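Encoded as structure tokens, the structure appears first; notes follow it.
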Amino acid sequence: MIDKRDDKPFKLKSKYKPSGDQPQAIESLVDNIEGGEKAQILLGATGTGKTYTMSQVISKVNKPTLVIAHNKTLAGQLYGEFKEFFPDNAVEYFVSYYDYYQPEAYVPSSDTYIEKDSSVNDEIDKLRHSATSSLLERNDVIVVASVSCIYGLGSPKEYADSAVSLRPGQEISRDTLLNQLVDIQFERNDIDFQRGCFRVRGDVVEVFPASRDEHAFRVEFFGDEIDRICEIESLTGKTIGEVDHLVLFPATHFVTNDEHMEQSIAKIQAELAEQLQLFESEGKLLEAQRLRQRTEYDIEMLREMGYTSGVENYSRHMDGRLPGEPPYTLLDFFPEDFLIMIDESHMTMGQIKGMYNGDQARKQMLVDYGFRLPSALDNRPLRREEFESHVHQIVYVSATPGEYEMSQTNTIIEQIIRPTGLLDPEIDVRPSMGQMDDLLGEINQRVARDERTFITTLTKKMAEDLTDYLKEMGVKVKYMHSDIKTLERTEIIRDLRLGVFDVLIGINLLREGIDVPEVSLVAILDADKEGFLRNERGLIQTIGRAARNVDGHVIMYADKMTDSMQRAIDETARRREIQIAYNKAHGIVPQTIKKDIRGLISISKTSHNDISKEEMDYESMSRGERKEAINALQKQMQEAAELLDFELAAQMRDLILELKLMD
């Protein structure tokens, strides 16, 4: 039995006090949530402290909260911030646990079957287990997740029902406990004691939960009764303290009991017989043979081990769902009355909408050619309307909310005053005729003041031509294109901030990590060419890149004024007017954001006599040296993850993959 703690409130700790229009935004959001409003939008300009506002709202409404970001990097940043704001509450991190993932696929044109290949990050797997166990044990939980939270996860009821509950004085034999641990996918390992394992020494059983990485538990028996339970350091075995109640959750999220397993296997066999009959009637003998061989092997593994590689493809049968029914996801682990916050909602909601179709197209091919049973199609992400059915109350957070969010609610709460007093930039519209010379003059003014410039173009050719022209004119310039690798991208941004070069040219400068306070000029070429990066939302986001410097200025080069341009200019002017009035009324002088310049990722290179840290030229390395570099990077990646620096860990991961591809 799980005793759920529901009496502990969220306790926000921060040296900041709400300022600007944060108090009004916080009050409005809280009042609307407590008044039962289902959906609302927090329209927060860049740099206005949206995460702090979100934290204030969570602490006041006191509901379990799911915060969804559109990629791992942003989720990692938010997780770090929420951990600082709520040190005494359960702040959890739930993203895809794959460092590398090649999904199972089949390409009929070349008759190529691509097996599923993946590398699981043990640290993230631990954090996922920590998230689900926290949700079942307590209410003061914030889970920061990527869109992987809408993928199938296994039944929360089975997960909770399978949990092993232990107390001192409880009558249970040692062997019964060992059998229960094996049933929930724990492995016995008396030598290498790690997550998801247990070891036995006489009347003492030591268990290492899947949600921990340093502390394990020691269960001491006296006959067929538990004498005491202690929390211990997993490495030294040193006792930390005694425990009154221990709940051990399964070591995998896909778990079922023996009775359900036999029922599931019977359903899998029935579906297999049906699909084999279909293939044989259509003369697809190869597909039939392939399907029989694969499925019968999986059934044998399920019978003997209770698990098989790719068990999630049978999740419909394991969960007892009907064909087409949505899978269980992280959202099902939350209680009914929970709060969802969608960060950068204009990006995240688009991802939630698109996940289902891509997944189905790939899996349908596997089903058609006999690699999987049709029920594998039900191991999938949620459709958007299925996601909506889980929503009790939701806050969309964005500087530029999308059409979907706007269609869901008329309640829009603005937050456009920055704590630093910074204003949205002034905008000039200039003709494209003579734009090169005009731009050169503007760049030279910034160089003289030791400031930087962003230039965004629409085509690769335009970017390359402009780069060549500016180089000929003596400007220190770089072009950041889509082929630039992760580490190079970080290096380019760092060099721009340090003044190694003064101008950065790109097509899409809206991605995360491109906020540079030293940038005082953003030039938008072809501003009148309507499209993804020149619509109102794209323009406002691009304009925001100049909002971190007190001298921020935007120039749009265009031959006509489009509706998108006019709306973006009007919105920026409206915000600027409000910001100026606020600063004047409160005597605030705007100041450029101060942001530390982070060092480059470096790795240790071993020489015969010493170890020196230096930047590496990977291209010129031998295969053996590259292998050493990969090992060193993997170690540093783990260290970064343990320190909760997921942005750095993600960069390490991408670099490791690039190095592996060189061989």
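Residue numbers in this text run from 1 along the chain shown.
Positions of Cβ are set from backbone N, Cα and C atoms, glycine also.
Quick look at what Swiss-Prot lists:
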BINDING   Gly44, Ala45, Thr46, Gly47, Thr48, Gly49, Lys50, Thr51  ATP binding site
DOMAIN    435-601  domain 'Helicase C-terminal'
DOMAIN    627-662  domain 'UVR'
MOTIF     97-120  motif 'Beta-hairpin'
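DSSP assigns Gly44 (ATP binding site) to a strand segment in the three-state reduction. Same-chain residues at least 6 positions away in sequence with a Cβ under 8 Å from that of Gly44 (ATP binding site) are, in sequence order, Ala25, Lys50, Thr53, Val397, Ser398, Ala399, Glu414, Gln415, Ile416. Sitting within 8 Å of the Cβ centre of Gly44, Ala45, Thr46, Gly47, Thr48, Gly49, Lys50, Thr51, and not among those site residues for ATP, are the Cβ atoms of Thr53, Ala399, Gln415, Arg418. Cβ crowding, taken as the number of other Cβ atoms within 10 Å, peaks at Thr48 among the binding-site residues Thr48, Thr51.
Other C-beta atoms found within 10 angstroms of the C-beta of Gly49 (ATP binding site) number 21, with every protein chain shown included. Residues within less than 8 Å, Cβ to Cβ, of Gly47 (ATP binding site) and separated from it by at least 6 positions along the same chain comprise Arg418, Thr420, Leu422, Gly544, Ala547, Arg548, Ile593. Ala45 (ATP binding site): 24 other CB atoms within 10 A of its CB, across all protein chains.
Averaged over the domain 'Helicase C-terminal' (435-601), the predicted model reaches a pLDDT of 87.
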